[in-house]
Structure formats: structure tokens, C-alpha cells
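Down below is the structure, laid out as C-alpha cells.
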Amino acid sequence: MQVILLDKVANLGSLGDQVNVKAGYARNFLVPQGKAVPATKKNIEFFEARRAELEAKLAEVLAAANARAEKINALETVTIASKAGDEGKLFGSIGTRDIADAVTAAGVEVAKSEVRLPNGVLRTTGEHEVSFQVHSEVFAKVIVNVVAE
């Protein structure tokens, strides 16, 4: 199924690209989320007429994401207290929700879906580097200091 992308989609393309995707992916994900429209003649003409407006909107979203990333980077360190054993091993773990709540409490609004933990949840005390994917192109990093209660 041919679609026109209205937003940058990972591993697919960017604004204005005409790509061929499976019908289910287009029908169930891209179109309902507003990331694409079917590539009909009417939609192609409509898109070309609104291209500048859509590019400006995309640039505005990117600028807002960069501003949020700067705020997150400015935090540098966030401390989370959790129960731990003698050897620094936590009872339980610290996941994306706990990190998002701690960063939000520090003053920057972050959704748990933006937290990236490449090595899985945090299970030990100490400092861990956590990255945030604020936008498909914008990343931020914070050091999470896990201390024992």
C-alpha cells in the first residue's frame, strides 16, 4: 500500500516521502496516529499544497523537543532512594516509571515511554547513565544516583 508520510517515521522515511508499506501497518498504525495518509491523487495534491505548513509544524515540534532535552540535560543528576541489601543490591528494581517520576519531581515533565534503559532495569546502587528519547531525533542524558534508604 502506498502512503505519504506526514511525519518522520523510524526505519521508513521522513515528511513527504511516498513509501510502500503493508496494508495492516498503514491501516492500524500510520493512518490512525496521523503519521501518514494513503497516496491517492487527491491526497498527493492536498499534501503538496500544505507541504510548507507541515514542514513548519515539524520544525516547531523539533524545537520544542530540543528545549526539553536541554532542560533534562541541565538536571545532570537525579537521586532515587530505594531499599537495598548490604552489598548494594536493590530489593526489587528501578524501572522507567520510577525514573520518569523522579525527573518529573525534579522539575522537567517526562513520560515513561521516553526513558531508555539499554541494559534493562536498575538493580544496584550507584550512578547509572540513563538516556531519554524526547523526539525521534532528539536524545538527552541524565545520571541517576541510586542510594540505599
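The chain as shown is numbered from 1 upward.
Glycine is no exception: its Cβ is also placed from the backbone N, Cα and C atoms.
Here's what Swiss-Prot has on this protein:
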type	residues	note
MOD_RES	K71	N6-succinyllysine
MOD_RES	K83	N6-succinyllysine
MOD_RES	K89	N6-acetyllysine
MOD_RES	K112	N6-succinyllysine
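In this structure the C-alpha atoms belonging to K83 (N6-succinyllysine) and K71 (N6-succinyllysine) are separated by 29 Å. For K112 (N6-succinyllysine) paired with K71 (N6-succinyllysine), the C-alpha to C-alpha distance reads 16 Å. A distance of 31 Å separates the Cα atom of K89 (N6-acetyllysine) from that of K71 (N6-succinyllysine). Highest local Cβ density among the modified residues K71, K83, K89, K112 belongs to K71, counted as other Cβ atoms within 10 Å over all protein chains shown.
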